[in-house]
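Asks: For reference, the structure I am asking about is given below.
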């Protein structure tokens, strides 16, 4: 709700251009262009995106074009002009130069006309800025002045020599090499030969006979990629040999050398001498070289990368041989172009305010400062003062608006920093900061109403309630910045409040309504609670409040706001508009803590809190360790875990070995470990077994999580304390005593070197025979001796031992030696074919013989010439008949019978043979018809005619299944018809099979007779279809029952 009292006469752009500067600003204000506060000003003057950078181009560049980039941003988009060596380029009349955006493109390059320093200026309606200067240079390399053969250089062996290159005219960086005699043989630099990259000359410290020849200097321009070769210089050996002499330094760096910050500095030093001198370097200050400094070309070049202030100083090159030494010194000084430390920022100030801008730069030498406005030098006079990098302008007026640049300069470079100054003049406006249409405040509280118009210069404000101007009193405070404060609010303070703002450009106002509300009260608070893990609770948070207020509830847990969407598994807000109850479902241990309910209204914020203690089973104990261990006990200690809200009342110890399935509780001393104990002894352990232990704590809530397992620890070893079990034996072959036992498990062997002691003696004797077995997994021992009578009783016992000694023996048991097989074959063997798959075999029992007979074994096979196709059937006891089943139909089988005992089968009887009967017909009775009269069922079917390879049909079987009793009746008949008397109160399934000597044939399709169909007729097929039952299903039912 704001209004601005302004003259709304329209003004056109032409009128705007013709007004005086102060009138321009006033008129812009009236049209709304500047009705903003300084914080909301959008600076639209030019700003550099890309400034020009220097170029070095080959003079014979194939594209013959140079592009010097320049780009700025602003609104409206900036325009550009360029200067060369301080003179503005007339682009309108220059056919070789044109702009692309702000970049300058020069075509048909000319070294004489286009070389120099270029500078770009960007400008729009807000002002102009100039760029840094960028040089355009041309790289070239001329030929050597003379191409005739150079004069020969005569030297003696051992003498030093310098071959001069003689640089041709050039521009751009050069590199040098020398050809020896002809390509591709280049001079290789070493401690004796050096090519200076400063002069191009070749230095040979000591001439050798192999050096005689022609030398050609090769010059390369790294920019233009040009290469020229000098005329050859002959090196001729003169008679005689040069004697030894001290070093003479021919190549050394300048006495004074300036190096730029972060540049790569290379210092050259080379000496002639005989013997060849060795080169070394040092700083005269004695400061050692940092690791970044490198020596190249046998120490002839010292490289200092990334040159910094601390690298400056005097460097000394020392050349030395056994005839003496020589040194050269030079001072390397540090210089740096200016770099900004502090720059000014775009600034908007109201008319008549003061401007203070400061910029700072470092550099060596220390830079000087100047200021530009719209590209023109600012002169210090009157309101404008300049001191070093400080620009101050007092009592700003609209003519001070523009683009300013701070310039920092030393002899090594110049830098520019730009900023826009906007001088604002506008009437008051509340468009950005009107009063709220409705402001609510609590009865008895204090309210603050801010009056913040946008105005340049700042406006003077006053407050009104209704039409009455407010004055200060004990409750009303009017602050200098226009803010209104009313303390100890009463209902009479309800009403409309207006702030009126005024400066010499106009007046504006904004109005809002103040509503006084009743205080909000919390009617139900959450209380501190204790709860068990897994339960659910509701924490109440209910209020009474003024109906004019909008209320919101929020909950925080341990200082973090609860996100009800992310934490919906556990947290839910319940209740209505004046209730913010919190439901917590399935509470976990991590839900214990402080819960705060916050109630927010437009006028106040209240909160209430409660502590929720969650009790759960204890946390896992920690640091379980074995303090002491014996062969059967272990002393454990541990540290307690968290009690999780309920004191720990006891501990349980569990153990695990490689022989147990999972963790198992163990016996302890004391038997019951209370919650205050952190140590206990585990008893009843097995010796020489690797154990892991863990501890489980418990409280009234339940058992907690187990601790991490202890380190694996092995109990001490001891003699075995467990004897082998299930000692027995018997059997084997003649003259053998076979003894067996159940091996002692590995966890009961009590140590290494475990084995068994087998002791035996004939029953009735005293002396034991002992045998030692050192293999742990063995469970059988065979004693062989020709003197052992068959089936003789022996006393047997088995003990255990390990490297600690012998353990206990088992109790004595009786084991019989091996017996002999029965020596007589059964007699009177007879065989009878019972069916197509079965033969019955009968024999006479053996009379009493010296060997035991435990039963009989029948062996049978098909082919008398191939006895390997054999089958066996054993029958224990004194039985003399066996039925062999599962045979093939109409097949000859050969059979033999033998008696057997533990030693095996005795001699077989002479083979006999028998032939199984032909198979029964594989076709079911067909065309089955049935008639039901009352309770009498009449069945008839077609006879089954066997094939020649099948057994003759001897009759039929009618199978009758009653549903109620689930029993099956079989009724034989030698006819193809039968009458059956059925109960009317049951359901029946009926099937018919043919009988033959070879067995029963295939059954017919089952017939279903329902109790409600008494007095009907049909065939098997019609009966099935009438009940919608498939033959397959009925057959399956019938088969499962049969």
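Positions of Cβ are set from backbone N, Cα and C atoms, glycine also.
Pulled these features from TrEMBL for this protein:
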DOMAIN    52-137  domain 'Ig-like'
DOMAIN    142-230  domain 'Ig-like'
DOMAIN    247-333  domain 'Ig-like'
DOMAIN    338-422  domain 'Ig-like'
DOMAIN    428-517  domain 'Ig-like'
DOMAIN    519-607  domain 'Ig-like'
DOMAIN    620-718  domain 'Fibronectin type-III'
DOMAIN    723-820  domain 'Fibronectin type-III'
DOMAIN    825-919  domain 'Fibronectin type-III'
DOMAIN    924-1015  domain 'Fibronectin type-III'
REGION    706-732  region 'Disordered'
Asks: Between the domain 'Ig-like' (247-333) and the domain 'Ig-like' (142-230), are there three or more C-beta pairs closer than 8 Å, counting only pairs 6 or more apart along the chain?
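Replies: With 3 or more qualifying Cβ pairs, these stretches touch.
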Asks: What residues in the same chain, six or more past the boundaries of the region 'Disordered' (706-732), come closer than 8 Å to it by Cβ-Cβ distance?
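Replies: Those are 620-622, 624-626, 629-632, 634, 636, 638, 641, 654, 656, 663, 685-696, 738-744, 748-752, 754, 756, 780, 782, 796-811, 813, 815-818, 902-903, in sequence order.
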Asks: Taking every residue in the domain 'Ig-like' (142-230), what is their average pLDDT?
Replies: 90
Asks: Run through the region 'Disordered' (706-732) and tell me, per DSSP, how many residues are helix, strand and coil.
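Replies: Tallying H, G and I as helix, E and B as strand, the rest coil: 0 helix, 7 strand, 20 coil.
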